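Engineer: Sharing a structure below in structure tokens format, with a few things to ask.
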Amino acid sequence: MIIMNLEMYLVAVGLLILEIDNLRKLFPEFMINLGELTVDGRQSFAIITFLIILPTMFLTDLGILSYISATGFFSCLVILVSIFCVGAFNGVGFHAKGSILLNVDRLPITVSLYIVSFGGHPVIPPIYVSMRDRYQFSKVLLFSFVLATLTYMSMAIVGYLMYGDRVESEITLNLPTSKVSARITIYMTLVIPIARYALVLTPIATAIEGGISENYKNKRAVRLFIRVALLFSTAIVAYYFPYYESLMAIVGSIFVVSASFLLPCLCYLKISDLNWGWNCEQIGIGGIILFGTFAGVLGTYSSISELVR
């Protein structure tokens, strides 16, 4: 539970970094002047992001949150189409090339970023519990992961063909803001953290509520205080830790690898009490454990080293 909730907490921080970075991209000269007090762009956007997301924290019903989160999914599709339009019709083109075929030094971080794309498993149990027809759960998972994979692959290919080695950790930071399709992409990117943030933090808030006294557990004021406190703390972290790529790589190499690769396999081996041999199941489990161990150790080392630099 600790590992999975830490994963969700850092993913929530990543969503806020995404929001702040793209607001700065749209309004690079923005600042707030209050008499003699001047709040610079990053501080201003951290405060604005907090205030924009705050109303969603008052929604504790997952049924309502699921509809809001769905807007984030449709935003992803609009972003993909808009980025393609930037390349096709705004003079960017799809002719960029990388300088080398394989960058071995960046490979561990790259693997960590691929892994984190398929994280977020703590959200799955609350979604299952809140479903009206739970018999459709397997179909929902299959459809979601297939669609996510196709979206990620398409975005990666288009981004690489447009900018090659120059592509930023957030492709929206490469886009020319003078173009309409580019601005649509950035505006849609701003929708995603707003749509998904409350759903991402729900497992953490639920875990905290489970540890408090029965006298306060079901009081709405207490539940709202917990959620607002989580939002405030993640906003502080996002402001002082504005390294989106490094953060996501650390989440992938430590938390997703632990919660989605190593622990499930080790727990399965423990409860099944298998006699080790050479059947396909055991070879597959061993391969997952081996891959997860290497990806976790190398990815964590590379991510932290880059963050220190």
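Glycine residues also receive a Cβ, built from the backbone N, Cα and C atoms like all the rest.
Just so you know, TrEMBL annotations are computer predictions that nobody has curated.
Small disclaimer: the values here were computed from a predicted structure and weren't measured.
Quick paste from TrEMBL:
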type	residues	note
DOMAIN	10-304	domain 'Amino acid transporter transmembrane'
TRANSMEM	46-65	transmembrane segment
TRANSMEM	72-89	transmembrane segment
TRANSMEM	109-128	transmembrane segment
TRANSMEM	140-164	transmembrane segment
TRANSMEM	184-212	transmembrane segment
TRANSMEM	224-241	transmembrane segment
TRANSMEM	247-271	transmembrane segment
TRANSMEM	283-304	transmembrane segment
Engineer: Counting only pairs at least 6 apart in sequence, do the transmembrane segment (283-304) and the transmembrane segment (109-128) share 3+ Cβ pairs under 8 Å?
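Structural biologist: Judged by the Cβ rule, the two regions touch, with the required three close pairs present.
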Engineer: Please give the sequence-distant neighbours of the transmembrane segment (109-128): residues at least 6 beyond its ends with Cβ less than 8 Å from one of its Cβ atoms.
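Structural biologist: 4-5, 7-8, 11, 62, 66, 103, 134, 137, 140-141, 145, 148, 152, 199-200, 202-204, 206, 245, 248-253, 255-257, 259-261, 295, 298-300, 302-303, 306.
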Engineer: Can you tell me which parts of the same chain pack against the transmembrane segment (184-212), counting only residues 6+ beyond its ends and a CB-CB cutoff under 8 A?
Structural biologist: 1, 4-5, 8-9, 11-12, 15-16, 18-19, 22-23, 25-26, 49, 52-53, 56-57, 59-60, 62, 65-66, 68-72, 75-76, 78-79, 82-83, 86, 120, 122-123, 125-126, 170, 172, 175, 177, 222-223, 226-227, 230-231, 234
Engineer: Grab the same-chain neighbours of the transmembrane segment (247-271) for me: Cβ-Cβ under 8 Å, and only residues 6 or more beyond its ends, written as numbers and ranges.
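Structural biologist: Here the qualifying positions are 3-4, 6-7, 10-11, 13-14, 17, 108-109, 111-119, 121-122, 169, 241, 285, 288-289, 291-293, 295-296, 298-300, 302-304, 306-307.
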